[in-house]
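Engineer: I'd like to ask you about the structure that follows.
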Amino acid sequence: MRRILVTSALPYANGHIHLGHLVEYIQTDIWVRFHKLRGEECIYMCADDTHGTPIMLRAQKEGITPEQLVNQMHKEHAQDFAAFFVQFDEYYTTNSEENRLLSEEIYLKNRDGGHIEVDTIQQAYCEHDAMFLPDRFIRGTCPHCGAVDQYGDSCEVCSATYRPTELKEAKCAVCGSQPVEKSSEHYFFKLQDFSDYLKEWIQSGTLQPEMAAKLNEWFEQGLKHWDISRDGPYFGFEIPDAPGKYFYVWLDAPTGYMATTWHHCKKQGINFDDYWRRDDKAEVYHFIGKDILYFHTLFWPAMLHGSGFRTPTAVFAHGFLTVNGQKMSKSRGTFINARQYSAFLNPEYLRYYYAAKLTSRVDDLDLNLDDFVQRVNSDLVGKVVNLASRTAGFIVKRFEGQLCADYPEDDGLFQQFHQAGEEIAALYEKREFAKAMQAIMRLADSANQYVENHAPWVLAKDPLQSQRLQQVCSVTLNLFRTLMIFLKPVLPYMSNQVEQLFNAPQPFVWQDTAAPLQGVTINAFKHLMSRVEKEKVDAMVEAAREEAPSPTPQPKQQTKEKEEKNKKSADKDALAASIDFDTFMQVDLRVARIADAHEVEGADKLLQLTLDLGETLGTRTVFAGIKSSYSAEQLKGRLTVVVANLAPRKMKFGISEGMVLAAGPGGTDIHILSPDSGAQPGQRIK
């Protein structure tokens, strides 16, 4: 039996859980539930990330202590996760004695190993607020890509990390005043000491290929010292040999994975060392967002290695959530938090929809609300629940709830379902949830075809067909039960209801798909899932929009400039001259996956894209003038639309073998077109 420890990134105790966060927690929870369903020893650890200046300042603003604030947020987060059936084996806090002791141990062992350096630095200081400004309380322009309104430690657009003093046009995020530079003694982790070790670790299969490639870029730039200290006042752990200095939150936050495990082990009588002080007793997996890759795949394994702890077996990164093809937006009502969603809709709708779109890659996931309604209604209500709702009533009313004592002839369907289980299990294991859902729905289609072919509603009208009616319904319900076992990691609540329907003496396990139920008495069928109502989705969006703050009025000059810009663009947006159908059909539009993207040296607007057009058409190189709106990293793995038969064009930087389609007036307002989920590279757009 495998022993598996799984973590999700720790939610910060300064805000609500929203649908973007839930991508990761639902993805992780599905993976954990799958392993438990298979009989593996798998524990899921998480905690609130509680330290840092934002917590301290918010608590001051609300007139409470930081401890009171994080305790309040802990309760709220736990309730939100429970509402979406995210089931942690331990949900703890980084503001714990276990975390303090482990953080100190990691620091002291690295210090004693010569991996800590003390240096005097120039640091941003707000004279108005009389405090050194932490990274996240400085906003400005990224020194690498020029993106505006970025944090003082890392850029959300290009993922670069830097020191706050490197930020251009910096301002205090609290009061808006321009900070001054002031010297301060800080403690640095010598990351470059672990360069060789990290290169080997990264290439050992611990990361997805695209993430390993991204890390290679940072090695090419050279690893830098990492500032692990912050000046007081600060809510966090004081550094043992440095009064008035505190551990930076990114040192004690990942240590929270270990502290939560330790807390859990003490409660359960389990050996903590088997998980974190040796690597031959258990597997350790981290699920994270791609925006925190740097911390989890460079700093974290280096700190662990330097202090004698084991490193993760693998780190799985996922992309961001978009809604209707765009970033979550409060003004559009698509920045939806967990409580807003659950007030209107069944959380298992979202669990299934995310599962139906999640892959093992680092692709962004789009929550298309129209597709959401259609897919949930079609797949779960129309294909899965429909099997039980059409047949269970006949068994209860006509046969006192009893399935056939001997499983009937079913043309090999049950065996086919059982054999498909290994393929589905392999897809779950590899985090190819979308493919797993597709495989399950193909089975559901087969089961529904069986029902259509044998028409139990017709058999019920003929007294001479009573035995055949029981047989058809028994087969259908057994197929339904198998489908629900396959779906149990995704739909735990509905699976529990189905267990009650079948009078299951124990919760379903994966091995239950091996044999059909015979002679079992089932309970009366109870409604399992309603259709998604578009009206409720619209009401949810409207409620989220109403809670969004009113837009800040623009100065008259800015408004005038915007009007002039819109007027100039009107001519560009005028309808082009008509063409006939045959002319249009000469344009060969294809689905393409952006396999790679990088900046073009010497070009201000261009990105070089490597497009995958499937096995037949292979790859193409295309230069696209979209650099002002997208970083190269944002594009990797995305699907787009390309004009595939455009004649190659020789450019200064190389030959462009096509054109990707985009909308927008230009500048920073460019949006590449993406096909809906399910489209495959190379498919022609008609």
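Including glycine, each Cβ sits where the backbone N, Cα and C put it.
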Engineer: If I go by Swiss-Prot, the feature motif ''KMSKS' region' sits on one of 47-51, 97-101, 112-116, 327-331. Which?
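Structural biologist: Motif ''KMSKS' region', as annotated by Swiss-Prot, spans 327-331.
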Engineer: Can you check which of 11-21, 198-208, 407-417 Swiss-Prot lists as motif ''HIGH' region'?
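Structural biologist: Swiss-Prot lists motif ''HIGH' region' for residues 11-21.
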Engineer: Measuring CB to CB from Cys145 (Zn(2+) binding site), give everything in the same chain under 8 Å that is also at least six residues away in sequence.
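Structural biologist: Looking at Cβ-Cβ distances below 8 Å from Cys145 (Zn(2+) binding site), excluding near sequence neighbours, one finds Cys155, Val157, Cys158, Ala160, Ser631.
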Engineer: Might you list, by sequence position, any residue in that chain lying six or more from Cys142 (Zn(2+) binding site) with a Cβ less than 8 Å away from its Cβ?
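Structural biologist: Set apart from Cys142 (Zn(2+) binding site) by at least 6 residues yet with Cβ under 8 Å, we have Val148, Gln150, Cys155, Val157, Cys158, Ala160, Tyr162, Leu167, Lys168.
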Engineer: I'd like to know which of the binding-site residues Cys155, Cys158 has the most other Cβ atoms within 10 Å of its Cβ.
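Structural biologist: Most Cβ neighbours within 10 Å: Cys155.
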Engineer: So, by DSSP, how many helix, strand and coil residues make up the motif ''KMSKS' region' (327-331)?
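Structural biologist: DSSP composition of the motif ''KMSKS' region' (327-331): 0 helix, 1 strand, 4 coil.
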Engineer: When a 10 Å sphere is centred on the Cβ of Lys330 (ATP binding site), how many other Cβ atoms does it contain?
Structural biologist: 14
Engineer: To test your reading of the Zn(2+) site: which residues beyond Cys142, Cys145, Cys155, Cys158, same chain only, put their Cβ within 8 Å of the Cβ centroid of those residues?
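Structural biologist: Along the chain, the qualifying residues are Pro143, His144, Gly146, Ala147, Gln150, Glu156, Val157, Ser159, Ala160, Ser631.
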Engineer: Pull the DSSP breakdown for the domain 'tRNA-binding' (583-686) and write it out as helix, strand, coil residue counts.
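Structural biologist: So the counts come to 11 helix, 46 strand, 47 coil.
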